[in-house]
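Asker: Take a look at this one; I'll ask things after.
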Amino acid sequence: MSGLNGFVQLRLDFEADSKVSQTIFLKEHGSRDDEDYSSVFAANLPRDTTLDNIKDIVQTCTSTMPRKFVRLGDTYGLICCVDDAARDKLLEWCKKKGKKSSVEFETYGPRGSEAYKIRNSARFPDEEILQKSIDEFMEAYDDEEEQARLETARQGLLVDEDGFTMVVSSKRKALSDIPAPAPAKRNKSLSKDDFYRFQLRDKRKREVNDLLKKYQEDKAKVEELKRKKHFKPY
Amino acid sequence: MVKRKSGAEERPAKKVHSLQELSEEDFSSVDSDFQNSGSDVESSPDPESQPEELEEEVPERPSNGTHPAKHTLSGAEVRIARETSELFKTNVFKLQIDETLAEIKLDDRMCSLANKQLFALKEVISQAKSIGPLSAEAASKKFPTRIPFHGSKHVKYQLAFAPPVEVNVIGSYSLKTVVKQPESSGIDLLLTMPSDLFEQKDYLNYRYFHKRAFYLAAVAKAIASSKLDLRVSYRYLNGNVLKPVVRADFTDRKLSKHLHIMIHLGVEEELFPTRKLAADRNCVRDTEGPTPIYNSAILADVYHSQILRLLHTASTYSAAFTDACKLGRLWLRQRGYSADPAFGGFGHLQFALLMAGLLSGGPAGKRVLLQGYSSYQLFKGTVLFLADKELALNVSSHTTSSSLPGLWVNDLNVLADAPEWLYGLLQHDAKVTAELLSDVTCDRFTDLFLRRSDESQLRFDISFDVTFPLTEFDTAERAVSPSVIGFATQQIYSTLNQAWGDRIKHFAVFSSPQSEWSLSTPAPDVPDTVILSVRALLDVEHSDKRVTMGPDASEKSECKAFREFWGPISNLRRFQDGTIKEAVAWKVEEVNIPVVLIVARYILDYKFGVSLISVPSITRLLPTINEARNALPSLALYQAKIQAFNECSLMLQDLSDLPLRISSVFGTSASLRYTSLQEPVPYDLRGDDSIATAVMVCETSRKWPSKLGALEKTKTAFLINVAETIRELKPKYHPVVGVEPIPGYESEERGFLIVQTPQGYFFKFGIITARDLDIAAASNLPENALLAMKRHGQAGADHHRLIVTMALRYPLYSTAARLMKLWCKKHMLASHFTEQMIELLALKPFLDSAPYSPPSSAQTAFVRTLDFLQHWNWKEDPLIYDVERSESLQVEGVRMDPAFHHKLTANFTKQRQQDPAFTLSPLFIATKVDQTGILWTQSLPRNTTGILLAARLTGLARAARKLTSASLGSAFKTSTSEYDVVLNLRNPSASSSAGYKNLQVSDASKLAKSGNNVGLEFFNDIKETYGSSIVLFYSGSLDDKLNKNQVIAGIWNRTATEPHKFRVGLPYPVTPTSDGKVILDKSALLSEIKRMGGDLFH
């Protein structure tokens, strides 16, 4: 009775931290398209899992090598086995032994200060190389934009409901550059509101009502403060 | 149980007048009404009639008239609402006054209980047996109760006791202005001694006081030997050794908590020739010159009844008088004033008398307060009078325009004992209050009446104590002179006042009050020394002057006086403008010791041989680069860097061969706005913010691409272009271009340009365009990336400019903000709060200084910020700053534009509706430049950490506010005991050696190594990754690279540590539980962090 929706469990022992282990969850991956046949869905993986770690796991359990490891998220991914037999063997092994025996989880790749050193020196690439990569990118970008513009024009998207075609300067590269028509301004009302006696009376009434409302609000506010024991001067 | 006369209960409430309806006719009838009852109070020849009469004293507060009854019609409410807005500041203000007065109202039951005891007491005293006359020697030998008199016992005159001719309740109890307060309030009982016990010449040479002391001892004995439920002791009235009084405490515990009795002695008005007791007369023959304090001590005994009459007249004349008195009483108390000269000598009696004087006619007969005024108007009018000019008013006679300072009743100055400093400080406090009262935008009620503002740490800029020897007086003189401590206070005050000159605005010299003693012990001797506490408000413009200027060399006599005052350290000096002046130059050895303290230390030692005891300022805790310590004030170090930045900006704007001109450059970094934790030092990449960030804005162009990736790439290309141009045209500058992931959107990179200036400073520039944010939003960037971009761009530059303005307007803001940053860092809050938010918090005491003036010391500013934080109810109250300059005001933040305030309050309300659980931004701090109020306080994605941090901020501030100024340093101690997890980190980027002299930025690999902070990067990585399971804190801040050993601490998130359903994609490792659920796997998570950190951990 594995309550975890059909997952089997496998314990990983950390090489770096002998006292600690982590249980990962595995189950058969349903989809059978060309890419991920014979796959096992693995969850609750350590974030620093690499293909090397997956290799260690599959090899320990099935004595075969996995085809590949497709990372789907930080803590889950697909382990693609060579064939269905290897996949079944992996799951079977885990079902039988996963809770008792375990697989060593080694630490691959640069970590700590080494990893940050690599990351930080990548921030200062050679200027010429940087310039070149930008040039390449921009060239591709310009082509793409031009393409998109032509496409838009071809499809007649620039013709509005009334049949007018919007003329766009060729200098404008992107659709998003085209400004939306400004909303029409509303005319200010010309009628006066203090002309008739009834208007004045209403106004006075409104004022009194406002005053009263304000007073009642104030009263409620002070009541609230009182409730909170605000008026304690000492 | 309390037995009450039914008559007292059924008595109808006093006739109440709506304030506006009160006409002249009403007044006269009320007045005549009063005349009757007044005479009742004054004379009660028939002891039988006494009980009823005192029963009248039971305060029966009439319902206020303006109080709405429960089921009022709306018409009545309209009338009330209109009335209050005319008579009071606002409705809210009036309602708050009502609530507060109700809160401090003394329970009627207490009064009736006390009254019962008062009758009994009166009975005992009136029927006490006469004693004497006895010779003084016989009296002191035979009398079982000690006579509280220190003077010579070998005198010819004789001492005697006979029952008093009158027994009256005077003071606030009779005026019904007595209030509930933490310590019990006094019921002042006046016994008028029979005139035939005295001779007319008794006013001379302490004779009156000797006889008075014997009389008092007799009274004390009579009470002590009676069966009354009272405990009797002696005490000096307001510390005056000539004026012992008997204090009688109720044995009933409940009653004694609220009330006690003070028995005063008075004489009949005709007994002494008051003319001869005027302030300029000598009444102690073996001394020379006038004896004003001695004289006023006698006059006060003469005028007891007259003062009572004046007060009663006022209270019947003006219906709101008693309420206004209570407000005044509360106002004084919150500011630490009392009738005891040790605390200024201005108590509620003085306030009430002043108000009575202003009601019956102000100075030179000009009426200041009017009869129909509300309590608020009476209070405000009195405060305005105090604020306007130095206090000088004769209450009893308005025909003589008294020019002498003080508060006079005939020829008695009721402020005779008050120290000289009172006038200045009281006027200052009145000015502050007047400004708060005229604030039309914010509700200042709490600041005015509900909060104590007398704590030295908050109120003053500088404090120290002095142990002053009183040995100048011989023992006998000390014993009878009421003014020894006053004398010492005056000495210190006048010396410091002259020495400091315009360095200070106001200062006070407090002493400690004297306590009571029992009947069987002799009156305490005045000690050999007295500890005086000096507390000063500095004038920030002058306080740090290194030279005290004297007169011009040509003014011989002035120069002589100046040299005499200052002693050997005064010299003739030639100044830059060619003048030759007598002057004192002060040597400042340590930046953290203010010049005022150095001046005080010298002059007190030179004049009196006393040393001062002071606590060093906490500014010493600020990190500083060793070489820079003592050398330069920190502002100069910032200015040097800002100067270099400005030059660099001009250089960039001058570059001609670029496709677009750089039109402006803005700093966005703390070291360019005076608030980085460490003072900036060139060629040093260790300090926080050593590579200061800035943004460049180019001239407007439509050529920028409109997709994020292309836009950033184009910017980077432009930066490369800039770098090449600099290399070509400005060889003294060293540029290097780099790329980094966009914060919050790691898949895109953005470029930056680092420039090292010829002076050795580093600046890191990015480019912002007007459409950045629109394009980013269109590219569906996550909201935290958008926020980061906003902060990095124009909004950041706006904040920067605001803080620069503030730092220049308030020279102490810089240090105060740095202290705040240090404090946040020490409590690991700096790893969550933005620097900008801390800077905004530190602005509080400067921009919204109520109930004080803006501070003139960084430590005071810091403590006030903490005090604000501990009281800030951030769930319900926004923090809104008015950054406009207000001219020549005492208080900042009281002239906010109501429309602006209203708008931002509306923003706050809206924000709270959108964020009811505080998952976005618990704190709301708005200014003109950030009207959303949450730009610098929000954290995205929404989380529950924010509210935890805000609560922690409040808690830590509360803990720090419990510390005295001496122990304030311990507020900066880091404690890791409250965390679930503590990981020790070794930051490889930290270095203790300064050494990158002449570092060439063109050597990019070196910059990559030393310019970064691996410890912080690592922390930021894991903080984000594991945020949903553990809230992580970091001991370092920003670029803090001075300390290799750092700490990452964490608190587990409760939702993750409880068993829950498993779902794919949980951002933390879990372990299965027996019931098919999962639970956070703490050890696996920590192991993961440790694997990622690798060698960063020990």
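Here, residue 1 is simply the first one shown, and the rest follow in order.
Placed from the backbone N, Cα and C atoms, the Cβ positions cover glycine too.
Take a look at what TrEMBL says about it:
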COMPBIAS  B:1-13  compositional bias 'Basic and acidic residues'
COMPBIAS  B:43-58  compositional bias 'Acidic residues'
DOMAIN    B:187-315  domain 'Nrap protein'
DOMAIN    B:320-451  domain 'Nrap protein'
DOMAIN    B:458-608  domain 'Nrap protein'
DOMAIN    B:634-777  domain 'Nrap protein'
DOMAIN    B:810-967  domain 'Nrap protein'
DOMAIN    B:977-1096  domain 'Nrap protein'
REGION    B:1-76  region 'Disordered'
Asker: Select the range from B:187-315, B:320-451, B:810-967, B:977-1096 that forms the most Cβ-Cβ pairs under 8 Å with the domain 'Nrap protein' (B:458-608).
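Answerer: Most Cβ pairs under 8 Å with the domain 'Nrap protein' (B:458-608) come from B:187-315.
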Asker: Sort the residues of the domain 'Nrap protein' (B:977-1096) into helix, strand and coil with DSSP and give the three counts.
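Answerer: The counts are 38 helix, 26 strand, 56 coil.
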Asker: Let me know the model's mean pLDDT on the domain 'Nrap protein' (B:977-1096).
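Answerer: Averaging the confidence scores along the domain 'Nrap protein' (B:977-1096) gives 79.
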Asker: Taking DSSP states H, G and I as helix and E and B as strand, how many residues of the domain 'Nrap protein' (B:320-451) are helix, strand and coil?
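Answerer: Taking each residue of the domain 'Nrap protein' (B:320-451) in turn, the totals are 70 helix, 11 strand, 51 coil.
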Asker: Under DSSP, the domain 'Nrap protein' (B:634-777) has how many residues in helix, strand and coil?
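Answerer: Once the DSSP states are binned, the domain 'Nrap protein' (B:634-777) shows 52 helix, 42 strand, 50 coil.
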Asker: Going by DSSP, how much of the domain 'Nrap protein' (B:187-315) is helix, how much is strand and how much is coil, in residues?
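Answerer: Final tally across the stretch: 58 helix, 33 strand, 38 coil.
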